[in-house]
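*Asks:* Straight out of TrEMBL:
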type	residues	note
ACT_SITE	A:His377	active site, GMP-histidine intermediate
BINDING	A:His215	Mn(2+) 1 binding site
BINDING	A:His233	Mn(2+) 2 binding site
BINDING	A:Pro353, A:Leu354, A:Asn355, A:Met356, A:His377, A:Gly378, A:Ala379, A:Gly380	GMP binding site
Amino acid sequence: MEDLTITRLTGRDLKNWGHLPGPQFPDLLGRANRMQDDGVDVADIRAKLASEIPIPPEHIELHEDGAVTFDENLIPADADEEKNLLKVRETMRAVMRTPTVIGGAIMPDACPAGPIGTIPVGGVVAAQNAIHPGMHSADICCSLMLTDLGDADSATVLDAASKVTHFGPGGRPQGQRFTVSLDLLDAFRANPFLNNAKTIRAAQEQMGTQGDGNHFLFVGRSRQTGHTTLITHHGSRGPGAKLYKAGMEVAEKYRRRHSPQTLKQNAWIPADSDDGRAYWDALQLIRKWTKTNHNSIHQATMEASGASAGERFWNEHNFVFRRGDIYLHGKGATPGWFGFAADADPQGRTIIPLNMAEPVLIVRGKDASHALGFSPHGAGRNWSRTEHMRRLGAKTANEALIEETVGLDVRFHAGKVDASELPSSYKPAAAVSAQIESLDLAEIVDWIDPYGCIMAGEMPRFVRRPKGRR
DNA sequence: ATGTAC
């Protein structure tokens, strides 16, 4: 005789049918049981609920190793540079496996940054319909701005700048803050990636600040015009760092769902999603804030020195640029095609610094296809900070500074010489200049010979407090 | 890069 006992449906049955546990699960099971109580056949119940089985997330596989290639625009000059190139190559090769990536390039100043598979400094990555927060660097919109100050006295300008600019961590003290447009702050509040109390506060407190590391304020003289020239280098400071973090978090959610094989640092936000559109908008707002940051320091320096401004232009070298549906990520790479930004120099000029003792190059990019349209952003480093200290040997940072910056007025805001910013810490400037031209990346149209500069200077190393104690 | 995870 047939057994007519019907076992009551459980969550296990639903899972066997393909349903997934979640907030909707109790209701789903309740409905299944009620149908069963009403005498509905189990097969019919299963069929009735089938439309509620979630569609599994689409998984996107990595590219085969070597399937997507990148262009090398780097001529190593010695064993150190050979070693550097090998490391850059290895990390770039891993980056190229990212599913969204369709191409890449390295610049003459390329050097590794972070674990294998992280876009190097001096790296460019092209992705289709994807924004990779980890590929525009944490210092979103790190950039340079130049103002022609005519016949202003260089010493007067540098002294004035020393008084008005701000280096080091954090923002300006109360009473010395620069104003930030209320419209810009409102726009921050309207963007889901920027509508954060700490981001807004940092945007207010850190306007008119330059941070640390390789950021600088440089005064020099143009070979073309003979004019005194002010150049600043910094990025989006705290607000940008916060945006970077928020972007990485959202990208990580997509990565886990759709491409867990992709390296964490190469996670992306689909550009055509709501998240993608909001993140793109947030990048443009951070860019606007950064431009204002440069402008405010130039303006304050001019007012304090009595100089009047001639032409002014700027360019970012850590950013994402859109050409068609391709998103070009530059991490330490200068965009070199005409009109890379609506507010770029109408003459197509961009700014490439080398080191504190060398002229800053003014170039016109050649939109070289073998460089994805980019040129380098500086001289690049061959060694880590510790390796550089080792190579200085018995020489103190102060002695090295005196030796390497004869005739220049170099000031460290925090007082101590930062050895990692000395000229000897960078690749030979001449080699980078030569490669810009020999590799046909850009035309050098002017040189701003150094008078002097201000940098953050060495700061005491940050040590985190032991966990659980204060 | 950032007062370096709240």
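All residue numbers here begin at 1 and follow the chain in the order shown.
Yeah, the Cβs are placed from backbone N, Cα and C, and that goes for glycine too.
What TrEMBL says about a protein is an automatic prediction, not a curated fact.
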*Asks:* Calculate the distance in Å between the alpha carbons (Cα) of A:Ala379 (GMP binding site) and A:His215 (Mn(2+) 1 binding site), and round it to a whole number.
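*Replies:* The Cα atom of A:Ala379 (GMP binding site) is 14 Å away from the Cα atom of A:His215 (Mn(2+) 1 binding site).
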*Asks:* Might you list, by sequence position, any residue in that chain lying six or more from A:Gly380 (GMP binding site) with a Cβ less than 8 Å away from its Cβ?
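*Replies:* Result: A:Met107, A:Pro108, A:Asp109, A:Ala110, A:Cys111, A:Val121, A:Gly122, A:Gly332, A:Tyr426, A:Lys427, A:Val432.
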*Asks:* Roughly how many Å separate the Cα of A:Leu354 (GMP binding site) from that of A:His215 (Mn(2+) 1 binding site), to the nearest whole number?
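*Replies:* Rounded to the nearest whole number, the Cα-Cα distance is 12 Å.
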*Asks:* Going by C-alpha distance, which of the binding-site residues A:His215, A:His233, A:Pro353, A:Asn355, A:Met356 is nearest to the residue listed as 'active site, GMP-histidine intermediate'?
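*Replies:* Sorting the binding-site residues by distance from the residue listed as 'active site, GMP-histidine intermediate', the top entry is A:Pro353.
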*Asks:* Run through A:Asn355, A:Met356, A:Gly378 for me and report the binding-site residues whose CA is within 10 Å of the CA of the residue listed as 'Mn(2+) 1 binding site', in sequence order.
*Replies:* none
*Asks:* Run through A:Asn355, A:Met356, A:Gly378 for me and report the binding-site residues whose CA is within 10 Å of the CA of A:His233 (Mn(2+) 2 binding site), in sequence order.
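*Replies:* Qualifying among A:Asn355, A:Met356, A:Gly378: none.
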*Asks:* Indicate the candidate from A:His215, A:Leu354, A:His377, A:Gly378 with the smallest number of other Cβ atoms within 10 Å of its Cβ, considering only these recorded positions.
*Replies:* A:His215
*Asks:* List, in sequence order, the residues of the same chain other than A:Pro353, A:Leu354, A:Asn355, A:Met356, A:His377, A:Gly378, A:Ala379, A:Gly380 whose Cβ lies within 8 Å of the centroid of the Cβ atoms of the recorded GMP site.
*Replies:* A:Asp109, A:Asn214, A:Ile352, A:Glu358, A:Tyr426, A:Ala429, A:Val432
*Asks:* Starting from the Cβ of A:Pro353 (GMP binding site), draw a 10 Å sphere and report how many other Cβ atoms land inside it.
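*Replies:* Around A:Pro353 (GMP binding site), other Cβ atoms within 10 Å: 24.
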*Asks:* Can you name the residues of this chain that are 6 or more positions from A:Asn355 (GMP binding site) yet have a C-beta less than 8 Å from its C-beta?
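*Replies:* Long-range Cβ contacts: A:Ala379, A:Glu421, A:Leu422, A:Pro423, A:Ser425, A:Tyr426, A:Ala429.
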